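Encoded as structure tokens, the structure appears first; notes follow it.
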Amino acid sequence: MLRVVSWNINGIRRPLQGVANQEPSNCAAVAVGRILDELDADIVCLQETKVTRDALTEPLAIVEGYNSYFSFSRNRSGYSGVATFCKDNATPVAAEEGLSGLFATQNGDVGCYGNMDEFTQEELRALDSEGRALLTQHKIRTWEGKEKTLTLINVYCPHADPGRPERLVFKMRFYRLLQIRAEALLAAGSHVIILGDLNTAHRPIDHWDAVNLECFEEDPGRKWMDSLLSNLGCQSASHVGPFIDSYRCFQPKQEGAFTCWSAVTGARHLNYGSRLDYVLGDRTLVIDTFQASFLLPEVMGSDHCPVGAVLSVSSVPAKQCPPLCTRFLPEFAGTQLKILRFLVPLEQSPVLEQSTLQHNNQTRVQTCQNKAQVRSTRPQPSQVGSSRGQKNLKSYFQPSPSCPQASPDIELPSLPLMSALMTPKTPEEKAVAKVVKGQAKTSEAKDEKELRTSFWKSVLAGPLRTPLCGGHREPCVMRTVKKPGPNLGRRFYMCARPRGPPTDPSSRCNFFLWSRPS
């Protein structure tokens, strides 16, 4: 039996939960080994690894008992990426990165590209530069003893962001390139399995809220899947596509069979998601060899769950891994570079040495002159303020004065006329001035006391009380608006329960309240 599993892992370096929840958070490499063992598959295809080649470490890339193959995003770090881990008893005979062949090395590649004349070289490079496809080709033996070729296409198809129409075009062009390559492999005599995150819920049964989605059947991605797949799985139908959705072949009417849930809304708790992950096999392969196709929703650690299939064939491992295998990368191959490669003789002409010496002498003289000027203009210690008293706590909460303070070196002219007018002369004037001065001090002390009281009340008051939602009378959660617009950055309260249909009383109610600025 050959068992294949696909999983959008949502970051291979993140501290995974679920399968690897017993590992410390800084041992992601050990967690990957545990995940592969727990999935118990001969071939494991991972999507959205979110790792670039320079960030790939040896413990992540080389796992005992497996040979691995990675495709990286060449434009962005921490984005996209796919990886395939094969047990040593399922070592492929060939491996290749990308669908177009532009990244092929002509040594150990899969080949069979089909007619790609409708694409420009720039378009092909853009489609393959995000690290979304990885091909491994294996030798398999059927129960009749016949040896055949099986090609696995591990894909992470693009997401069509509604706010970026160009990404829908990119997604559909990627679909087209994937179909051309898969059909070319079929025409060359190889069996083909397309598995991974296709980022499209094919039919209404594959989406929890399909009835409320406008023009669900008219979506370009769903129309593409209609042309690729045979209707009604293994049964006869009006349209016979080259591939079969293996899960719907075995479970044609299973509802609630989802593989992806929104982590923001907590929709996984109530199983309100969509089926975006598939194992698609060519018709002959699925009908003759597929024994089961399954989902693993109990496996946590990502916003997706693993999917897989079991084939009644045995793998014929290659004697040597293809060159794309990560153990052959220079950084992991264990070959030591000679130190002479880092030492380059530096030759200079006499004229260059003489000009450099003159430049250095001039620089030294100029530096000495600058140091002398700095010493002559440096202020004496007595001129610098030496006040180091402890600051009042309120000074950190008061706005700094906008007008600059006067320099201590500037002497203001004395005003004898004003001082003569303001100085009390008679005993009555002195008494009045004394009373006024006392009242001013009392008022100032009172204002300062009130200011301190209001300040400490605001500090010690604590956060505002969390409101209760109207539907369940439960404490709400605070969210922040991240959509560009006039309310960007504003905070609001909403029901803390997971998202679901309005008819479900255990799902989120429609409570909404803007948060008051503190």
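Each residue, glycine too, has its Cβ placed from N, Cα and C.
As written in Swiss-Prot, here are the features:
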{"type": "ACT_SITE", "residues": "Tyr156", "note": "active site"}
{"type": "BINDING", "residues": "Asn8, Glu48, Asp303", "note": "Mg(2+) 1 binding site"}
{"type": "BINDING", "residues": "Asp197, Asn199, His304", "note": "Mg(2+) 2 binding site"}
{"type": "BINDING", "residues": "Cys469, His472, Cys495, Cys509", "note": "Zn(2+) binding site"}
{"type": "CROSSLNK", "residues": "Lys371", "note": "ubiquitin cross-link"}
{"type": "SITE", "residues": "Asn199", "note": "site 'Transition state stabilizer'"}
{"type": "SITE", "residues": "Asp277", "note": "site 'Important for catalytic activity'"}
{"type": "SITE", "residues": "His304", "note": "site 'Interaction with DNA substrate'"}
{"type": "ZN_FING", "residues": "469-518", "note": "zinc finger"}
Cα proximity to Asp197 (Mg(2+) 2 binding site), best match among recorded positions Asn8, Asp277, Cys509: Asp277
Asn8, Glu48, Asn199, Cys469 screened against the residue listed as 'active site', Cα within 10 Å - retained binding-site residues: Asn8, Glu48, Asn199
Check: same-chain CB within 8 A of Mg(2+) 2 site center, minus Asp197, Asn199, His304: Asn8, Gln47, Glu48, Tyr156, Cys157, Gly196, Leu198, Thr259, Cys260, Leu276, Asp277
Alpha-carbon distance [Asn199 (Mg(2+) 2 binding site); Asn8 (Mg(2+) 1 binding site)] in Å: 11
Shortest C-alpha distance to Cys509 (Zn(2+) binding site) - which of the recorded positions Glu48, Asn199, Asp277, His304: His304
For the zinc finger (469-518), residues assigned helix / strand / coil by DSSP: 0 helix, 12 strand, 38 coil
Asp277 (site 'Important for catalytic activity'): secondary structure state under DSSP, collapsed to three categories: strand
Between Asn199 (Mg(2+) 2 binding site) and Asp277 (site 'Important for catalytic activity'): CA-CA distance (Å): 7
Which of Cys469, Cys509, the listed binding-site residues, has fewest other Cβ atoms within 10 Å: Cys509
